[in-house]
Amino acid sequence: MPSYAELKEQLDRLRNEAEQARREEMPRVIAGIKAQIKEYDLKPEDLFPDLPSRRGGSEEGARGKGGREPKYRGPNGQTWVGGAGRKPDWVRAALAKGEDLEKFAI
């Protein structure tokens, strides 16, 4: 029966061989997966339905970028979370007319 040290050495060698085989086979495996994705016109949500969408839709639906709740609602139902950054056109137009932003607070 091999000693503990010999078995541990074999284990290390096998782990290294397995990792080398993985690295060598990976390009072929990835190419095959990509070909099947293209053939079946698969989308990320087809493969991973439990992952959140990266296309901006949140489960609540009313939240905008970053998941923050809107603070203001425009005359046509547009929403804005406020804060830093460029103001939406409807906000800039209202401020240019001298309107108070609090008039649009939700």
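Glycine is treated like the rest: Cβ placed from N, Cα and C.
Feature annotation from TrEMBL assigns region 'Disordered' to 1-23, 44-85. Summarising the annotation, TrEMBL assigns compositional bias 'Basic and acidic residues' to 44-72. For 62-106, the entry in TrEMBL reads domain 'DNA-binding protein H-NS-like C-terminal'.
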Summary of DSSP states over the domain 'DNA-binding protein H-NS-like C-terminal' (62-106), given as helix, strand and coil counts: 15 helix, 5 strand, 25 coil
Number of helical, extended and coil residues in the region 'Disordered' (1-23), per DSSP: 20 helix, 0 strand, 3 coil
